[in-house]
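Colleague: Once you've had a glance at the structure underneath, I'll fire off some questions.
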Amino acid sequence: MAEGTSVLARLVGHPATLEAAFALIGALLWGYAVQIACDCRRARRMLAAAYWFTLGLLFGFGAWLPHWVAGLLVVGLVAVEAAGGVRTQATPAQAIPAPSGEISAPGWRALWPVLTIPTVTFVLAGLTALAGGEVGRGAVVGLALGGLVAVGVALVVGRFSWPTALAAGRQLTEDIGPLHLLPQLLASLGLLFTAAGVGTLLADGVQRIVPPGSLPGAAVAYFLGMTLFTALVGNSFAAFSVITTGIGVPLVVAPFGLDPALVAILGLTAGSCGTLCTPMAANFNLLPVGLYGLPDNYAVIRWQWRVAAVLWPSHLIVLGLFWLCR
Amino acid sequence: METWLGWPVWKLLGVGVLVVGLARRWPTGPVVLSAGGLTAWLAGMPLVGHQTQPGMLDTLGKAFVENRVITLYLLTLPAVGLAERMGLHTTMGRLMGRLTGVSLARLLIGFQMARVAMGALGLRLQGHVTFGRPIVAPMATAVLPSPAGEGAAKAAVAAAENYGNFFGQNLFPASAGCLLVAGVMKGAGYPVDVVRLALYAIPIVAVSLGVAAVQFVWLERQLGQRPDETADHATAPQDTRHG
């Protein structure tokens, strides 16, 4: 028993497991590409097929391609997007939705595949944790496995055929469209900004403005720096090391003798306030727009910035309360 | 001339391109790519790198390949699509019709709390794909008095997922965030304990739950108060709750 679970932990942690999942995504995207290429009713179908084929290539063989070739392929994908090759509006044939016709007797069985995904995710994450592996990794592999098992469940329960499964996935994937690329694109933009020294520039500028010896001033500078730089790079983790070593430690932690753990975690969540307000955090703020079918690109951000605006000053209050109760 | 070109603020031009492009709602991919290209060029990065210096295309390709895990949810989309063809939304509507006492605000608050609890247990996953689109969004639209508020309700579901995910994950001491903070602080000469970090994260989690709850209750009032007014703008008249 104990041996079996440790095998599981090793299996989940093995890099080949994730590569296999990526290869599956690649195969799925190639399936979409073939379906699109065969759909004669579509305008510009070859451009769209080439788009999904290239994305599949990046997923399936990304680890073996030289980085600059992968970069060149990404530039090509963005060029197709700029040319309007992947807009679903360009495909009037898609306007006839299949779903309503296929619901003969709506029942609870529609819930099965949908509940399978989180169940498998949790079970695998839990088992991985018990086996001494990394929970997060277990959840990631579980999500991939859950998607596969759920397709199997749906195929059996709904008596669908393989091409229907492919078409259902393709429709959702195309609804989200070029937004799929954005999180990865923005991750590299964050790297470029950091490599170009945008963060240190920001930190230097702030250091010059803040009056020395004022805790409120220093705290505002640190939290504001975190929020702004996070909004720029879309990720509070990327902003954290730059702004904390540039502003947080020299201006807030070192001179005032505050608990470094408190200052640091508040800095990180001040960054999260920035994440709530920026389209740069594409997988959180723009992906749902496509996924939920919202009419406005910034619908989620429009909703979140108000909460962020209240949450941000409460960081100062929490810091102040701890300072007073010291 | 040399000093003028060496002025460090030029590096912010890429940021400017990004802000203007996104504000004008130009296509996001090209905007991001040109902002990145401009920044890389101003920073003196070559197009294709060599041993001593990474190039712009290398950075782009490397980041893309290394971050494929963000897009892992693509594997779950066929199952979600099939469930929707089996009538998932109608089923959710019937489920919500049976559960009395579940209002929009309670649903959203409960979802956010569930995501905070998952974060505290160390489970990080693409909640928009696993819960938001297939489970919570259909539940949220099913309890609406009229379909006019669907967009707002779905955006609120997305927001609840983000609030719960962002702030809840810091409650887990071995989360990526806590480990990163501990690593950076150690490097700066102020070693901190990850458990202490998780404990100090509690106040902000509490505030985020409270502020979001106020927002969700406000939304519920907004959507519930004027059903007659909004019914005129409805595009799809059928209400799944009574369907």
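Each residue, glycine too, has its Cβ placed from N, Cα and C.
Dumping what TrEMBL says about this protein:
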{"type": "TRANSMEM", "residues": "A:20-38", "note": "transmembrane segment"}
{"type": "TRANSMEM", "residues": "A:50-69", "note": "transmembrane segment"}
{"type": "TRANSMEM", "residues": "A:110-132", "note": "transmembrane segment"}
{"type": "TRANSMEM", "residues": "A:139-162", "note": "transmembrane segment"}
{"type": "TRANSMEM", "residues": "A:182-203", "note": "transmembrane segment"}
{"type": "TRANSMEM", "residues": "A:215-233", "note": "transmembrane segment"}
{"type": "TRANSMEM", "residues": "A:239-258", "note": "transmembrane segment"}
{"type": "TRANSMEM", "residues": "A:265-287", "note": "transmembrane segment"}
{"type": "TRANSMEM", "residues": "A:307-325", "note": "transmembrane segment"}
Colleague: Restricting to CB pairs under 8 Å, which listed stretch, A:50-69, A:182-203, A:239-258, is in contact most with the transmembrane segment (A:307-325)?
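Modeller: So the stretch in question is A:239-258.
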Colleague: Where else in the chain does the transmembrane segment (A:20-38) make close Cβ contacts, counting only residues six or more beyond its ends and a cut-off under 8 Å?
Modeller: 45-46, 48-53, 55-63, 141, 144, 148, 163, 166-167, 169-170, 173-174
Colleague: Cβ pairs under 8 Å only, please: of the recorded stretches A:50-69, A:110-132, A:215-233, which one is richest in them relative to the transmembrane segment (A:182-203)?
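Modeller: Of the candidates A:50-69, A:110-132, A:215-233, A:215-233 scores highest.
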Colleague: Output the single range from A:50-69, A:110-132, A:139-162, A:265-287 maximising the number of Cβ pairs under 8 Å to the transmembrane segment (A:215-233).
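Modeller: Most contacts with the transmembrane segment (A:215-233): A:265-287.
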Colleague: Counting only residues 6+ away from its ends, which parts of the chain sit with a Cβ under 8 Å from the transmembrane segment (A:265-287)?
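Modeller: Distal contacts: 176, 179-180, 182-183, 185-186, 189-190, 222-224, 226-236, 239-240, 243-244, 248, 297-298, 300-301, 304-305, 307-308, 311-312, 315, 318-319.
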